[in-house]
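Remarks on the structure that follows.
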Amino acid sequence: MGCCSSASAAQSSKREWKPLEDRSCTDIPWLLLFVLFCIGMGFICGFSVATGAAARLVSGYDSYGNICGQRNAKLEAIANSGLDHTHRKYVFFLDPCNLDLINRKIKSMALCVAACPRQELKTLSDVQKFAEINGSALCSYNIKPSEYTLTAKSSAFCPKLPVPASAPIPFFHRCAPVNISCYAKFAEALITFVSDNSVLHRLISGVMTSKEIILGLCLLSLVLSMILMVIIRYISRVLVWILTILVILGSLGGTGVLWWLYAKQRRSPKETVIPEQLQIAEDNLRALLIYAISATVFTVILFLIMLVMRKRVALTIALFHVAGKVFIHLPLLVFQPFWTFFALVLFWAYWIMTLLFLGTTGSAVQNEQGFVEYKISGPLQYMWWYHVVGLIWISEFILACQQMTVAGAVVTYYFTRDKRNLPFTPILASVNRLIRYHLGTVAKGSFIITLVKIPRMILMYIHSQLKGKENACARCMLKSCICCLWCLEKCLSYLNQNAYTATAINSTNFCTSAKDAFVILVENALRVAAINTVGDFMLFLGKVLIVCSTGLAGIMLLNYQQDYTVWVLPLIIVCLFAFLVAHCFLSIYEMVVDVLFLCFAIDTKYNDGSPGREFYMDKVLMEFVENSRKAMKEAGKGGAADARKLKPMASGASSA
C-alpha cells in the first residue's frame, strides 16, 4: 500500500495538495475485505435463524428440547420430547433465582406452562390449586396436578417454594420474578467484592426508589450539554472565562456542600432512629465522607492545573472563536453524535440478538441431568470469535465514519474561500463523498484500531482470570502490556483522525494520508501541544461543569431521601451518564478543532499568500497560533524551528 515505500515518500514530498479538487476511490481492497467480513456476519445470523435458534430464543424451550407454543418433533433418546405445547406459551423455571455464572445459564429445570403465577405460591397445595384453576401445571409433565401433594417426586420435579410472583417478559415469553430480591441475588453473584448481602439489597432498593430522580437528572445533563454547545456557538469569546469561573465555583460549592452534609448528618441525633434506618444512615455517612475527600483532592488538583495554564487561557478564546464560526455555518454538526449513537445502538441490538441466537443454536445434546442443551460442534463453534471481532471492527468503523464525515464537512468549510458558496448541507455532501470514495480508508483505519484493541482485551481478560493467582512480576508485566497497548491505541486513534482529514482534503489512501498527517504534526509539534493542551483542557472543564452541576442537583434532590434509601449508587449512575453525554457533545467540538488545525498547518505549508497561492485560513486562527508561539517562547519552551513570524492573510509572506 506504500506505507513504508521510500519512493512513495519522495513522491509525497513533491506532490502539491489540491484541496477538494481531485477525488478518487481510496483503499478499494480494504472495502472489499470489509464487505466480505460483513457478509460473514450476516451468514452467522442467517445460520442461527435457519437452524431454529430464533424460535427457541423468542418462544423459549423447556429442558427436554420442546419449543413452547407449538408442536414439536420427537428427539431421539430424549424423554418428554416431541410434546404438543400449542397452549403452553411461556417458559417457567422451577428455581429462577439459581444462576450459574460460569456457564451463563439458570441452573433450574424449565417447563412450558400456560400461564405465569401472578401471586406468590407458598405451598404445594397453592401450586395444585393454581394448576386446577388456570390449567397451568408448574410441575414436571410426568406428574398430574392431583398428585402434587401425594408423590415424593414433588421436591425434585416441582418448583422451589415459595414460588415467587412472576410476569411474562414482553416478546420473549419467559416467566420472570417481579420481586427485586431475586435480581439482587443475581447482582450479588456478579459483584463479588460485596461481603454484606444487606448492603447490596439497600443499594438496589435505592436505585428503584430514586428512578424518577435519576431519569430527571439524566435529562438535565442532556439539556446542559446542549446549552453549552449553544453557548460555544454564540459567545465563544466569553465562554473560556465563564467556564473557568463556573468550574471554580462549582468545584468549591460541590466540595463545600459535601462537607456540610457530612458534618450535619454526623451531628444528627441517632437515639430515636430505628435499626434499619440507622444502618442506612451509617452507609450514607460513610459515602459522604468518601465523596467529600475525593472532591477535595480533585478540587486541589484542578486548581493546580489551572494555575499552571493560566497564561494560556486567553489564547484559547481565539481558537474557540474560529471553531464557533464552523458551527454557525454547519449547525448540523451538533446532531452528529445522535446519528452515530443511533447507528451504534442499531448495530449493538443486532449484535446482541445474533449473540442470543448463537446461544440457542446447534444440535440437541443430553447433559448429565438428562436435560437438553444445544451445542455447536466442528468449525462452526468458532463463529463466536468471529462475532466478537465483528463487534469491535464494525463499532470502530461507525465511529470512524463519524470522524470522516466531520472532517469532510470542516475541510469543505475551511477551503471554501467565499463562505457564501458553501454547499447547502456540507454534512450531507461529506457523507456522499464518504460513501462514494472513502469507505475503504475508513475500513482500514478502523481495522488497525481493532488489531490493537483485541490483544489489549485478551490481556485484560487474562489479568482478571489470574487475579490473586499470579506472582507480582507477572502482574506487573501484564499491567504494563495493557497500559502500553492502551497508549498505542490512543496514539493511533489520534493519527487516524488526522489521516481521515488528509484523505478528505486530498483524496489519498490511508497510508499516504497517515504519513502526510504525521509529518505535518511533527513539523508543528509545539503548536499541536499548545492547541491540544489548552483546547482539550477547556473542553474538559466544560465536561466537569456539566458533571458538577448534575451531581450537585442530584445531591440536593437525593438528600431528601436519605432517611429511607441509600443514594450512593443513584448518584454514581447520574454522574457517569452526565459525563458520557457531555463527552459525546464536546468530542465533536474537539474534533472540529483538530481538523481546523491540520487544515491550517497544510495551508501555511503549501501557500505563502502570493498571487495564485493565497491563504485559505481565517485571520483569527493565524493570530491565535502566533500568540501561542509567543507565549511558549516567553515560557522558555520556544525553539528555533518555530521562530519564524506568521504573517496575516493580506501580507503575502510565507510561513511554516
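Including glycine, each Cβ sits where the backbone N, Cα and C put it.
Marked as N-linked glycosylation site by Swiss-Prot on the basis of a large-scale study or a structure entry: Asn134 (among others). All protein chains shown were included, and the count of other CB atoms within 10 Å of the CB of Asn134 (N-linked glycosylation site) stands at 15.
Of all Cβ atoms in the shown protein chains, 12 besides its own fall within 10 Å of the Cβ of Asn179 (N-linked glycosylation site). According to DSSP, Asn179 (N-linked glycosylation site) is assigned to coil rather than to any helix or strand. As annotated by Swiss-Prot, N-linked glycosylation site applies to Asn179 (among others), with the evidence given as a large-scale study or a structure entry.
The feature N-myristoyl glycine is assigned by Swiss-Prot to Gly2, with similarity to another entry given as support.
Summarising the annotation, Swiss-Prot assigns phosphoserine to Ser651 and lists similarity to another entry as the type of evidence.
Residues or ranges marked as region 'Disordered' by Swiss-Prot: 635-656.
The annotation topological domain 'Cytoplasmic' is assigned in Swiss-Prot to 2-29 (among others) on the grounds of sequence analysis.
Positions annotated as topological domain 'Extracellular' by Swiss-Prot, on the basis of sequence analysis: 51-211 (among others).
Swiss-Prot lists 233-237 (among others) with the feature topological domain 'Cytoplasmic', giving sequence analysis as the kind of evidence.
Per Swiss-Prot, the feature topological domain 'Extracellular' maps to 259-287 (among others).
Residues or ranges marked as topological domain 'Cytoplasmic' by Swiss-Prot: 309-314 (among others).
Annotated topological domain 'Cytoplasmic' per Swiss-Prot: 359-379 (among others), in sequence order. Helix, strand and coil counts from DSSP across the topological domain 'Cytoplasmic' (359-379) read 3 helix, 8 strand, 10 coil.
The average pLDDT for the topological domain 'Extracellular' (401-441) in the predicted structure is 88. Annotation comment: Swiss-Prot describes 401-441 (among others) as topological domain 'Extracellular'.
Residues or ranges marked as topological domain 'Cytoplasmic' in Swiss-Prot (evidence: sequence analysis): 463-536 (among others).
Feature annotation from Swiss-Prot assigns topological domain 'Extracellular' to 558-565 (among others).
Annotation comment: Swiss-Prot describes 587-656 (among others) as topological domain 'Cytoplasmic', evidence class sequence analysis.
The transmembrane segment annotation in Swiss-Prot covers 30-50 (among others).
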Using the alpha carbons only, what distance in Å do you get between Asn179 (N-linked glycosylation site) and Asn134 (N-linked glycosylation site) once rounded?
22
Kindly report the helix/strand/coil residue split of the topological domain 'Cytoplasmic' (463-536) according to DSSP, in that order.
64 helix, 0 strand, 10 coil
Contact call for the transmembrane segment (442-462) and the transmembrane segment (212-232): at least 3 Cβ pairs under 8 Å, seq gap 6+:
no
Recorded stretch, among 30-50, 212-232, 288-308, 380-400, maximising Cβ pairs under 8 Å relative to the transmembrane segment (537-557):
212-232
Counts by DSSP class (helix H/G/I, strand E/B, coil) across the topological domain 'Extracellular' (401-441):
33 helix, 0 strand, 8 coil
Which residues, given as numbers and ranges, are at least 6 beyond the ends of the topological domain 'Cytoplasmic' (359-379) yet have a Cβ under 8 Å from it?
47-48, 51-53, 56-57, 61, 63-65, 75, 77-79, 81, 104, 109
